[in-house]
Amino acid sequence: MDVVMQRNGSNPDVGALPVFSDGTSPDSLEKKPSFLGKKYFSDLEIEELCNYRNHGTDNSLTYKYVLSPTYDMILPLVPIWVAPNTITLMGLVSVLIGNLLTAVYVPTLQEEAPRWVYLLLWIGLASYRVLDNLDGRQARRTGSSSPLGHLFDHGCDTLNVFLSGLNCAAALKLGSTSFYSLGLVWLVAMIQFFGATLEEFFNGALNLGYINGPSEGILLIEAMYLASFLFGPSIWEAPLSIGTWQIRRGELFFWVLLPMSVPTVLANYIAIWRKAITDNRRGDILDSLRASIPFLVFSVCMVTWQQTSTAFEKHPHLFLWCAGINFFYLISRLIVAHLTNTNFPTVMGVQLVMAIGAANAVAGTFVGSRDGLLDQYVLLWLLLGVELLVNCRRIMGMTGEICSHLGIECFRIKPRAAPVSTKII
C-alpha cells in the first residue's frame with residue numbers, strides 16, 4: 001500500500017496528512033476514460049482545480065521597483081487578442097531555440113560557439129523573463145484567468161529550469177568531464193525549484209525573498225550571457241587563485257550560486273515546519289520529508305548514473321534532457337496535487353527511467369565497462385522517448401479535460417457571449 005501526501009487546500013476540512021490508497025481519498029473517485037483511454041481528473045479534483053486561487057508574494061526590491069513597472073509599460077504593446085498561454089509558450093520556445101543551438105555548437109559543454117549564439121541565449125532568456133511576467137497581466141487584462149493558465153505557467157517554468165541550466169553550463173564552458181555542469185543544473189536550479197514547489201504544496205502560497213532566482217538569479221545569468229557575447233566565452237576559462245585554491249572563472253560562478261541555493265532551500269523547509277507548528281499540524285514536518293523522497297530518489301539515480309558511466313561525459317545534452325523531462329514529470333505531479341488538493345505519491349512509475357539508467361551504468365562497472373551493459377546513447381534515446389510520450393499524453397489529456405470543463409481554449413481567447421436582452425418590444 002503506497003503512502004501518498006495530501007496538502008491543505010481550499011477545503012478547510014482537508015488536512016495535510018498522509019493518506020493511504022485504500023479507497024478513501026479523492027483519487028479513488030471514478031475517473032471515466034478520456035484522452036486515449038485515460039481520464040486525469042475526477043469530478044471532485046477538477047472542481048478543486050477550478051476553485052483554486054493563487055497566493056504568494058515576490059519581495060524582490062528589483063522586481064518591485066524596476067522589473068514590475070517595466071512589465072506594466074510593455075503590456076499595452078501586446079495585442080488584446082493574444083491568449084496568455086500563447087505568451088507563456090513563446091517565452092519557453094525562445095529558451096528552447098538557444099538550447100538547440102548549444103546542442104549543435106557546444107555538444108560537450110566545452111566548445112566555443114560563435115559569438116551570436118551567446119547573444120541569442122541572452123535574448124531568449126530575457127524574452128522568457130518578460131513574457132513569463134506578461135502572461136498573468138494579460139490574463140487579468142482580458143479577463144481570461146483560469147487554473148489552466150496557472151498550471152501551464154508552472155509547467156513551462158519547470159522546463160525552463162533545466163533548459164536554462166544546460167544553456168548556462170554551455171556558456172560557462174564547464175564541460176562534461178567534471179561535476180560542475182550537472183551540479184549547476186541539479187544543485188542550483190532543480191533543487192531550488194523543488195523546494196519552492198514543495199513549500200507551495202504544504203503552505204498554499206510561496207513568498208519569494210528580497211533576493212530570489214526568478215528576479216535577480218535570471219538577471220545574473222543574462223549578464224553572464226552578455227559577457228560571453230561581448231568578450232567571448234574564453235573569459236570563463238581564465239584561472240583564478242584564491243589562496244592555494246586554483247579555479248576557473250566559470251567554476252567560480254557555480255561556487256557563487258551554490259551558497260545562495262542551499263539557504264534558499266532550507267528556508268523553504270523552515271517555512272513549512274514553522275507553519276506546521278503554528279497551525280498545530282506537526283505531522284506536516286514528517287510529511288514534508290516524506291514528500292521529498294521522489295526528488296531524493298531522482299537525485300540518487302541521476303548522480304549514480306553520471307558518476308559510474310560515460311553517459312553524461314559523451315552525451316551531456318541528451319543526459320540532461322532525459323533527467324530534465326523526468327524532473328518535469330515529478331514537479332508537475334506535485335503542482336497538480338497542490339492545485340487539486342489531492343495526493344502526491346512517493347512512488348511513481350516514471351522513476352524507473354532514471355533507475356534503469358543508473359542500474360545499467362552500475363551493472364557495467366561489474367564487467368569493467370563505463371559504457372554500461374546497454375549502449376548509453378541508444379538507452380538515453382529510448383528512455384527520453386518514453387518520457388516524452390508519457391508527458392505529452394498527460395499534458396494533452398489534462399489540457400483537454402480542463403478546457404472542456406471550463407468551456408475555454410488553451411491558445412485562444414474565446415469571445416464572451418453577449419448578454420441576452422430581456423427588453424420587450
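Glycine too: its Cβ is placed from the backbone N, Cα and C atoms.
TrEMBL labels come from automatic prediction, so no person has curated them.
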According to TrEMBL, which listed range is transmembrane segment: 153-174, 285-306, 395-416?
285-306
Can the transmembrane segment (252-273) be said to touch the transmembrane segment (348-367) if we require at least 3 CB pairs below 8 Å and skip pairs under 6 apart in sequence?
no
Most CB pairs under 8 Å with the transmembrane segment (178-198): which of 74-101, 285-306, 348-367?
285-306
Could you pull out which residues elsewhere in the chain have a CB under 8 Å from any CB of the transmembrane segment (348-367), counting only those six or more residues past its ends?
294, 297-298, 300-302, 304-305, 308-309, 311, 322-323, 326, 329-330, 333, 373-374, 376, 379-380, 383, 386-387, 390
